[in-house]
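Asks: A single structure is presented below for examination.
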Amino acid sequence: SMVNAGAMSGSGNLMDFLDEPFPDVGTYEDFHTIDWLREKSRDTDRHRKITSKSKESIWEFIKSLLDAWSGWVVMLLIGLLAGTLAGVIDLAVDWMTDLKEGVCLSAFWYSHEQCCWTSNETTFEDRDKCPLWKKWSELLVNQSEGASAYILNYLMYILWALLFAFLAVSLVRVFAPYACGSGIPEIKTILSGFIIRGYLGKWTLLIKTVTLVLVVSSGLSLGKEGPLVHVACCCGNFFSSLFSKYSKNEGKRREVLSAAAAAGVSVAFGAPIGGVLFSLEEVSYYFPLKTLWRSFFAALVAAFTLRSINPFGNSRLVLFYVEYHTPWYMAELFPFILLGVFGGLWGTLFIRCNIAWCRRRKTTKLGKYPVLEVIVVTAVTAIIAYPNPYTRQSTSELISELFNDCGALESSQLCDYVNDPNMTRPVDDIPDRPAGVGVYTAMWQLALALVFKIVITIFTFGMKIPSGLFIPSMAVGAMAGRMVGIGVEQLAYHHHDWIIFRNWCRPGADCVTPGLYAMVGAAACLGGVTRMTVSLVVIMFELTGGLEYIVPLMAAAVTSKWVADAFGKEGIYEAHIHLNGYPFLDVKDEFTHRTLATDVMRPRRGEPPLSVLTQDSMTVEDVETLIKETDYNGFPVVVSRDSERLIGFAQRRELILAIKNARQRQEGIVSNSIMYFTEEPPELPANSPHPLKLRRILNLSPFTVTDHTPMETVVDIFRKLGLRQCLVTRSGRLLGIITKKDVLRHMAQMANQDPESIMFN
């Protein structure tokens, strides 16, 4: 006899009337991939609910307005915090870099420049020498010149550098292991839908900000640009956790993080539009139009905040702002393209060597001693860097000096030309002149600095400290470019009757700007390492304010990308993603092999059959055993073992939570209760316990492909829809399952790489 049907459906509806999903449903485990389609449909449901409620009362209408505005509020907060942090970092780096050489007596928290501003005795000629600023040798042994003073200053420089680096690596190691590296490879992976818990946490934010100041001040060959993107994304994560719209939906949170990345580049370079394009071209995976506008707003607020802090005191957002007055000529495109070739070659060399070294660090004993490694590299850097004035100063100052045009007031060695005594031209337009002693000295010092930078950056990037790559690669390019520029300038001066110079270089005219070559070289090298094109050119001209030099920059950027791509398609960030085995499906990779879905799906021939749930014949205990014995993310639900017709897909985590919830809240649910996924309960014998209805957690529209679908279509589906898994059927019967990991493994196999290198789920 049948149990009273009314009571049955009553108990079944118990789960339905809990319309609020039980806590934690829809959240993901660490190191798992999110399901973009599901996140999107959940957000649409939420939206529909709010819209229908907003018609009920004024209060609900105001709530719906607040919900619509929350996105812009989050952007505003991210911009404010990112801009403030960037300003503080800039000011602190400025002071601590100078601390390695000396200290200000009037107020020790002044940097060298600020110290001499406040002093009354400073003259324009000796603007670097003021009585209030004391070098360490003057303070300790009261000597400013001579061998003993030099050695003492040298030692103090090394000691401060070691102290800063040791502090940084210890803080990272103890408090926030995720704060190391540049952060861009991981952020690309996170934005593609992967979950790394704690990577964007509050501790990471705090430690990364502090240690970034320390490592940049220690004089290591690294920049603050990549880490600032990570810092901005941490701000984005922090603020999105304050609004339920973002904290409960991983897909929406990714949109906020895309915009935060734009704000990060905006403050790193003072290039708001470049930041938006960088996020679009380099970092983001899913970038709808709405995110474009929000990124634009976040980048604007961040740049505005940084500008109001004014860390460099020159009312500019960047250290290396330049203004050139001379046009460029067609014949100069040849050296520009040569610089592009150099940038591409350096990019390839750097990626190959750096990846080889990082792989070595991963696989040998080297990786066990991160602190020692940082100390050794810092010591080597400081010892070699101090004697050469170009490597002693901070890298941003070096780039700034290389970009600068030689005016009448420049005191740099690079501007030590032989002046014509009877020159009566206006001051700002100085004609080309023969190089003096200083320029020749500067040339060989720059050549040594270039070799040193190229070698040391390979070992620095990827250590257990925050390290950006933009500034060192720009420095390499700027040094090479400045040397080429001086060469062309001297050639034009001494041979102005040659046919290439005759048209545009009259004697006594200012026709070649060496600083422009430095700028083009910097763009070429940065492009060779990161393979950016559009955003790179925009960042470079926002950075330097050189609007009329877009064509040379574009020529160099495209050349460097072509040359670098000839040796290997992936940029440094993709290479690090591969090295670390993150599950990242790159949109740029093409899949050209003729395999089918059957070749990739599990189970393969000879493997045990797929673990499935049936729609109305398994007990709670059966399901719990299945969950215990396997570690799959979810289970397909079929009509019965015999027919194998597919009904839907149930997520593992939601099954566990639903069963736990039912045992706590529902009467009569025991281990041998039948679980059913249908609308109506199955017919059961009279004395059997209450069944458990789980239709609410069943995904009734799982993504399916047939077994003869070509793999390139499957890869495209995974890429464009952001799937976690896809079921393989033939005429409605379930055959197998393909997960994102299977797709990545298959792609690695087809590219003759080790498929087990993808180590995360």
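Even glycines carry a Cβ here, placed using N, Cα and C.
Heads up, TrEMBL stuff is auto-annotated, nobody curated it.
Note that the structure is predicted; figures quoted are calculated from it, not measured.
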Asks: Taking 469-488, 549-568 as the choices, which stretch does TrEMBL tie to transmembrane segment?
Replies: 469-488
Asks: For the annotation transmembrane segment in TrEMBL, which listed range does it cover: 283-307, 333-357?
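Replies: Of the candidate stretches, TrEMBL labels 333-357 as transmembrane segment.
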Asks: Okay, the transmembrane segment (228-244) and the transmembrane segment (256-280): do they have at least three CB pairs under 8 Å, pairs separated by 6 or more?
Replies: yes
Asks: Please work out which recorded stretch in 228-244, 442-462, 516-541 has the most C-beta pairs separated by under 8 angstroms from the transmembrane segment (69-93)?
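Replies: Comparing 228-244, 442-462, 516-541 against the transmembrane segment (69-93), the winner is 228-244.
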Asks: State the residues, same chain only, that lie 6 or more residues beyond the ends of the transmembrane segment (369-386) and have a CB under 8 A from a CB inside it; answer 'none' if no residue qualifies.
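Replies: For the transmembrane segment (369-386), the far contacts come to 154, 157-158, 161-162, 165-166, 168-170, 173, 218-221, 361, 392, 452, 456, 459-460, 463-465.
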Asks: Cβ pairs under 8 Å with the transmembrane segment (516-541): which stretch of 154-176, 228-244, 333-357 has the most?
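Replies: Ranking 154-176, 228-244, 333-357 by Cβ pairs under 8 Å to the transmembrane segment (516-541) puts 333-357 first.
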